[in-house]
Amino acid sequence: EINSSYKLPGVDIFVCTADPTVEPPTLVINTVLSAMSLNHPTEKLSVYLSDDGGSQLTFYALLEASRFSKLWIPFCKKFNVEPRSPDAYFTHNFDLHEHTAEAQQRLFIKEQYEDMIKRIEAVTNKDSVPEELKNQHKGFSEWDSNVTKQNHQPIVQIIIDGRDTNAVDSDGCRLPTLVYMAREKRPDCLHHFKAGAMNALIRVSSEISNSAIILNLDCDMYANNADSIKEALCFFMDEERGHQIAFVQHPQKYNNITKNDLYGNSSPVLHKVELPGIGGYGSALYCGTGCFHRRTSLCGTKYSEEHKGLWNSETRKDDNRTVHELEEASKVLASCGFEKGTQWGKEMGLIYGCPVEDVVTGLAIQCRGWNSVYYNPDNTAFIGVAPPTLDIALVQFTRWSDGMFQIFLSKYCPFIYGHNKIKLGAQMGYCVYLLWAPFSLPLLYYAISLPFSLFQGIPLFPDIRSRWFIPFAYVFVSKNIYSLAEALIFGSTFKAWWNLQRMWVHRRTTSCFFAFIDCIVRKLGLSQTTFTLTAKVVTDDVSKMYQQEIMDFGSTSTLFTVISTLAMLNLFSLIGVVVKVFMGGLECKDMEKLVSQVVLCGLMVTVNGPVYEALFVRKDKGSMPGSVMFKSIVLASLACLIPL
């Protein structure tokens, strides 16, 4: 527990959004409201929303949330409500016949919340804020006809000033500071995606609240555990080792995981074994959300024993300045030109030039002498939204694989940059993930050569009667038994484990492979780094399909063409062997040499069961498009006809 002699440090919470279409304002404000209502002294809590879309729709939604927070925060703290996201909380099934004070208050708060959501959605659907609403706040004057997503001036609006004793909730208690920021965007200036937004937030927050601890959250990652700040501070304020810790990373968990984890998103073994294992070396990975940072370490400071001691040294720069003065000073820090000639994006803040800026930044911090902690409490701290379609899941994994491999090929390669700075075990742990992209090559080779050689009658493995067959069988069987046992021990079902095996086949033969190609092409200077937002909302049909654990293949994506082609190649090969056996074209002794390939090819066909169903059986919107089916059958047929 935290020593009572310490003064609690301030906490700045960063929430990042980039597009009101992909990330609806109603989703964003639920995360903001959950952050505002965390258990921490409100005078030491500040919440910042970075809107890289520069949208007045998001700004309007935040204004509405600021008003609703006057009801929501005291309700949460009075009745110890969890989760702290209104949307997540009100989806619970409550007893309608309950007549307690909490139930009556809950009903009132729910009505107010639903009214707010209706107002926000009405404005969002119109894609513009009515003039009568714009007149209610000076901030709307920042938007004119010249403001676009990629071309606008810096906008900083302090919606709630935590210093103001009149800024109180319905119970008369002080409200936390709430700030909206849209950093400057110009077509001729690099904006560095999320890393640039985070760095602008670091600077702007240092001007307004300058808290010692920073928590960053994705816009869909709401606070579930009301005491998550208190628990994180236990690490930072530990009298023996707290001064060594740069950040405390929580796992990414989701509220929409199906019973058997259709797309392999929950990864219990990853969160309970692999990432804690790396954290055991003091080198937990920074995963980009749900992470508490020490401000000084994030700003490029090297570790020193001098960091042991007072937390109250980082304070507001000048409490006498007006809101307008703070806003104007902050706009300078959020401008395009501020970073020119500085170390921002290099030695300070998040590092630029990589799609997974979080991982490389965490590595750089650790190489400056800091330790990090991976913390996975029973009461999950933050909960987000997992990709509900296969297409979204694979695109997201492509970006991760691409960014990871970029790190390995850059000066930040753990074996080079981390040499004599972090432990060898940590270096190897990092590379398990950094090498996702090239790991695609062995599996892709197997997925192609295995059915192709089987169709041609060419053995790849020893005869099953040979003693040399034993090592192959032992590795295959023991690896899968261990993997299954590990998954079952940590709460998965057999079907969830099987779904994960399928997803790894799909990921490595598509996402990882395309990431490998993209990364090599970029290294040759033939393309530039891009960033793809993960969609947070889908249609009702797609959502229903996901909840029923039916895979969605309703896209003409190249990824699906590769998946279906490999599935058809394995199916043709297996059918070809069966036909040869029944027609007597394959002798018994030849068949014995091909048993291993038949088994493996059969497993590939089994794991691709949903693909065949989408190709030939299903007629819904999630079935494979006709163009994809045609291309896959043609390509697989041509491969089978290639003579040796």
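Heads up, residue numbers simply count up from 1 along the chain you see.
Glycine too: its Cβ is placed from the backbone N, Cα and C atoms.
All annotation found in TrEMBL is predicted automatically rather than curated by experts.
Annotated features in TrEMBL:
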BINDING   Glu23, Asp52  UDP-alpha-D-glucose binding site
ACT_SITE  Asp52  active site
BINDING   Lys194, Asp218  Mn(2+) binding site
ACT_SITE  Asp358  active site
TRANSMEM  430-448  transmembrane segment
TRANSMEM  468-491  transmembrane segment
TRANSMEM  558-582  transmembrane segment
TRANSMEM  594-612  transmembrane segment
Q. Counting distance between Cα atoms, which of the binding-site residues Glu23, Lys194, Asp218 is nearest Asp358 (active site)?
A. Lys194
Q.
Is it possible to get the count of other C-beta atoms within 10 angstroms of the C-beta of Asp218 (Mn(2+) binding site)?
A. 23
Q: Please report how many Å separate the Cα atom of Asp218 (Mn(2+) binding site) from that of Glu23 (UDP-alpha-D-glucose binding site), as a whole number.
A: 10
Q. When you measure from the Cβ of Asp52 (UDP-alpha-D-glucose binding site), which residues in the chain that are at least 6 apart have a Cβ under 8 Å away?
A. Cys16, Thr17, Ala18, Asp19, Ala182, Arg183, Lys185, His191, Phe193, Lys194, Ala197
(Q) Can you tell me how many other Cβ atoms are located within 10 Å of the Cβ belonging to Glu23 (UDP-alpha-D-glucose binding site)? (A) 26
**Q.** C-beta crowding around Asp358 (active site), within 10 angstroms
**A.** 23
Q | C-beta crowding around Lys194 (Mn(2+) binding site), within 10 angstroms | A | 23
